[in-house]
């Protein structure tokens with residue numbers, strides 16, 4: 001059972017989502033509907049985008065805790081560009097470029113300067129957050145044009161253009177990681193860095209690419225945030241890094257690298273957003289969200305560690321049982337002297 005759970009984390013996350021839907025559907029019949037599903041998906045888009053980027057980084061056995069600050073910085077970038085008179089496309093491209101540069105800088109710190117990822121990105125967390133506040137003077141950005149808000153307006157099947165783009169990104173990343181040699185390089189790098197290098201994988205370039213794409217996903221999340229609420233607070237992105245990591249771990253992405261799928265991370269993000277919707281349904285204050293996210297992350301990490309130890313212990317017991325069985329069988333095999341009485345008599349005569 002434990003081995004099944006470890007090898008099917010995506011299925012476990014999906015089962016948890018369906019179970020929560022069923023329980024809430026019993027409590028409130030209006031909850032179990034297509035409208036509720038699309039509403040949760042719309043709310044989950046920011047976390048899904050962050051989980052996509054975090055997956056790439058975590059698969060290479062790294063971590064990025066600056067994505068919340070990058071999200072806020074890029075949201076401010078697109079807002080300031082729009083208010084300065086730039087078009088929507090140019091403003092979004094500028095924000096994506098800022099996110100890519102921020103992620104690239106993280107990758108340089110980790111890969112070339114050999115700074116541990118947690119230390120490097122803790123530093124850039126404060127750096128990017130401070131830059132965001134310097135640009136805004138600590139003020140909110142308001143008066144955003146309607147063009148930006150149209151990105152989150154439902155157009156087809158109650159899903160917005162950003163929603164459709166998010167689904168395309170999910171499919172593209174699932175194909176990249178699961179069906180291409182380049183995608184498998186992420187797993188090889190996280191599983192065994194030296195072994196991947198011997199196989200010809202350009203591990204430094206790959207890790208820099210992972211951090212850069214993480215920055216792009218954070219920038220896209222910042223654009224989605226600005227389009228959904230129509231203004232940009234000075235605390236935009238706070239705490240999102242913890243939720244992104246929690247979503248990935250919940251969906252089966254290992255902090256030790258080399259394990260997990262993008263689908264699992266997406267399901268983890270959806271489950272966390274669903275839990276937030278439960279808090280709204282129960283009319284609990286909004287500050288419970290971070291508490292629940294931290295509690296879920298801690299619980300999943302503890303469970304994941306205990307599960308891994310239990311599975312390894314079970315594997316060792318099975319190996320020991322097979323070794324013992326083989327030893328017993330070899331002891332019971334008849335010797336040459338047992339099968340040949342003449343050889344046994346000659347041996348006795350020699351003695």
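Using N, Cα and C of the backbone, Cβ positions are placed for all residues, glycine too.
Tertiary neighbourhood of the transmembrane segment (14-34): same-chain residues 158, 267, 270-271, 274-275, 278, 281, selected by CB-CB distance under 8 Å and a gap of 6+ residues from either end. Residues or ranges marked as transmembrane segment in Swiss-Prot (evidence: sequence analysis): 14-34 (among others).
For 39-59 (among others), the entry in Swiss-Prot reads transmembrane segment, with the evidence type sequence analysis.
Residues or ranges marked as transmembrane segment in Swiss-Prot: 70-90 (among others). If you look at the transmembrane segment (70-90), the same-chain residues 6 or more away from its ends with a CB under 8 A from one of its CBs are 46, 50, 96, 98-99, 102-103, 128-129, 131-132, 135-136, 141, 143-145, 147-148, 215, 218-219, 221-223, 225-226, 231-232, 235-238, 240.
Positions annotated as transmembrane segment by Swiss-Prot, on the basis of sequence analysis: 93-113 (among others).
Within the chain, the transmembrane segment (115-135) has long-range Cβ neighbours (under 8 A, six or more residues past its boundaries) at 57, 62-66, 68-70, 72-73, 76-77, 80, 102, 105-106, 109, 234, 236-237, 241. As annotated by Swiss-Prot, transmembrane segment applies to 115-135 (among others), with the evidence given as sequence analysis.
The transmembrane segment feature in Swiss-Prot is assigned to 155-175 (among others).
Residues or ranges marked as transmembrane segment by Swiss-Prot on the basis of sequence analysis: 213-233 (among others). Residues 42, 45-47, 49-50, 52-54, 56-57, 64, 67-68, 70-79, 92, 95-96, 98-104, 106, 136, 140-144, 148-152, 162, 240 of the same chain lie 6 or more positions beyond the ends of the transmembrane segment (213-233) yet place their CB under 8 Å from a CB of it.
According to Swiss-Prot, the feature transmembrane segment maps to 252-272 (among others).
Look at Swiss-Prot and you will find 284-304 (among others) tagged as transmembrane segment, backed by sequence analysis.
Between the transmembrane segment (252-272) and the transmembrane segment (39-59), three or more CB pairs separated by 6 or more residues in sequence fall under 8 Å, so the two stretches touch. Note on the transmembrane segment (155-175): residues 34-35, 38, 41-42, 45, 48-49, 52, 55-56, 183, 223-224, 227, 261-263, 266 of its chain, located 6 or more positions outside it, place their CB under 8 angstroms from a CB of the stretch.
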